[in-house]
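For reference, the structure is listed below as structure tokens.
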Amino acid sequence: MLKLSEFLVQQERQHAVADNVLTLIQDIAATCQAVAREIRYGALRGNMGSAGRENVQGEEQKALDVISNDIFTAMASKQPHVAAVASEEMAQAQVFAGKQGKYLLVFDPLDGSSNVNLNLSVGSIFSILPAPEGSVDEASFLQAGSRQLAAGYALYGTSTMLVLTMGHGVHGFTLDPDQGEFYLTHPGLTIAASTEEFAINMSNQRFWQPPVQRYIAECIAGSSGPRGKDFNMRWVATMVAEVHRLLVRGGVFLYPLDSRAVGRGGRLRLLYEANPMSLLVEQAGGLATTGHRRILDVEPAGLHQRVAVMMGAREEVERLQDYHSFTDPTA
């Protein structure tokens, strides 16, 4: 099996991926190993509880949220090619003074942290964007997801995996903890166009808009309903785990707009969650939409902007887009 480092050399030769991007990806991989180690020892070190404060999202921070964020930020501050970082856990972007890096790093350092003390799967999500020439500031991060140079996630589960794309397919690597190396175990991941599996938080059903109500009702009706086939529902409450299932087994993942989040545009963060995952899903042959437009075409208005998310099997996402075409996108 190929080591991650060997695979990245191949990418440089076959697709002319910039070597600076590849170096950054290797540093991100090492960072994810460090985060995995902190999670593994979390209970033994007393780091499974709350950090005693809220993040900019108004969510309670776990101690491991803060630790993971510090690990990512420390790596980026030393990485010569990173000019600035933005994190779901930080109110503002951090620009590294005196650095002339070509890239911006965006990350959710610990996705699904509410699951960490239950010993369920959690993850880290990252995205690499081009830095503008000249000075870098917070506005530099407000780029459409289609401009991402690379994106990926680490999944901390029964094994630690790194799944990434540099715009030439999606590939999964599994960590050998004894050697400290990621090996290519899931080359060329793809999402089947059709599926009988959906992932959504059904407890929010009464708040959904009519198109999603209709779609889920048809799925639940199964073989006796208009779809003529039975569906299974899944829900982990960790986006990394949900998207990983899409890439490995297929399906569709929904975190739609609901009546409580209309003013915010949705629940999931565009820069830290929706964009990197949308790039992965599209590179695997799936689709990703807000219901009204392609997620990767959304122009961010702020670092912590939120959007509705529906992604996965092409036929299902197209159906959801069709159902949304009869509704007002501003409602």
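Cβ atoms are placed via backbone N, Cα and C, with glycine included.
Record check: Swiss-Prot places Asp108, Leu110 at the Mg(2+) 1 site, and the matching candidate among Glu88, Glu89 is Glu88.
Take the Mg(2+) 2 site that Swiss-Prot assigns to Asp108, Asp111: the candidate from Glu242, Glu273, Glu282, Glu299 listed for it is Glu273. DSSP assigns Leu110 (Mg(2+) 1 binding site) to a strand segment in the three-state reduction. Ser114 (substrate binding site) and Glu273 (Mg(2+) 2 binding site) have their C-alpha atoms 16 Å apart, to the nearest angstrom.
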